[in-house]
């Protein structure tokens, strides 16, 4: 089957040695781990493993990944129908469906890796697709909670997305420098998401008004839970940063004490860093892109109030692109960029708002931003799939025939 070709190939952009980058993909080995206690003692033995028995051996892991992504979109579409401005009262049954969709996404997100190991088809493309979907999913998962909070298209609603964004950025940076993605005993993808699922289930049982219930007679439930998860994400991010710093200190020590050839080769990798502040600079594109969107939300309130989802989706795709690029850089072992083309649409959108819509009206400026954002991301996805499939002689959604026997 002929694959769609990208308009502009970008998968190996900024790779100083193309052949070495391809070899890094060929030498890929899955690293990292999930130490979640709930996953280990509850979800794995009673949910994931039993369900794996029903997954045919000829199903590609990426198919499972996309199936989970589709579950999220079902939740998003249903929520949009009943809550188009983030301020409507949602029927109880919608909360229950959302809880089911979020749990289905989480389950399938954990099963794709199991299928890859079971069929011996773990690949860098699989990791990239899994992380890429998760990056976009951070926003999609937040939508049902944003509507539960019922704060309307205000900065408060959009700031809820930072609960997922911030730890995702630093966890991916940690993976780049340390060489693997390691999740703690209590982490966002498991316990954090289960918390949001529980909140949706609560709304399904008691109705939308439950989120306005005062906790300890002080703050509404929605604010209490949002604050609690924000604390958790901040703690996780600080832990990621400290792990990066510890790795960099080890690199400094190793560079001074060891001179063997194996270490020399490691030191040649862009992932080998000895400057802590420099290691955090790749967060700059995120600051530019997200900062532009959040400022735009505060400046052009009329446009945001009229088109809250278009604003949110543009930000979601922008974040997904930037986060996925961090994973790609780790897989091919290339240096991290301090600026991204994905920053341009959001910056121009903000400049147009600050100049009183001198370039275009609020709607058309936002629409152009969305089109540009989706186009950049779409080209990126096609390019990555095409280039990695060619380099590894694999298919995105089909297993090699030898694996299906």
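Cβ coordinates are placed from backbone N, Cα and C, and glycine is handled just like the others.
The feature transmembrane segment, as given by TrEMBL for the ranges 34-58, 59-83, sits at 59-83. If you look at the transmembrane segment (362-382), the same-chain residues 6 or more away from its ends with a CB under 8 A from one of its CBs are 4-8, 10, 132, 300, 302-303, 306-307, 310-311, 313-314, 317-318, 320-321, 324-325, 341-342, 344-346, 348-349, 352-353. Between the transmembrane segment (90-108) and the stretches 193-211, 218-238, 279-297, 309-330, 336-355, it is 193-211 that has the most C-beta pairs under 8 angstroms. Counting Cβ pairs closer than 8 Å and at least 6 residues apart in sequence, the transmembrane segment (218-238) and the transmembrane segment (309-330) reach fewer than three and form no contact.
The stretch with the most CB contacts under 8 Å to the transmembrane segment (155-173), chosen from 193-211, 309-330, 336-355, is 309-330. Remark: the transmembrane segment (279-297) makes no contact with the transmembrane segment (193-211), by the rule of 3 or more CB pairs under 8 A.
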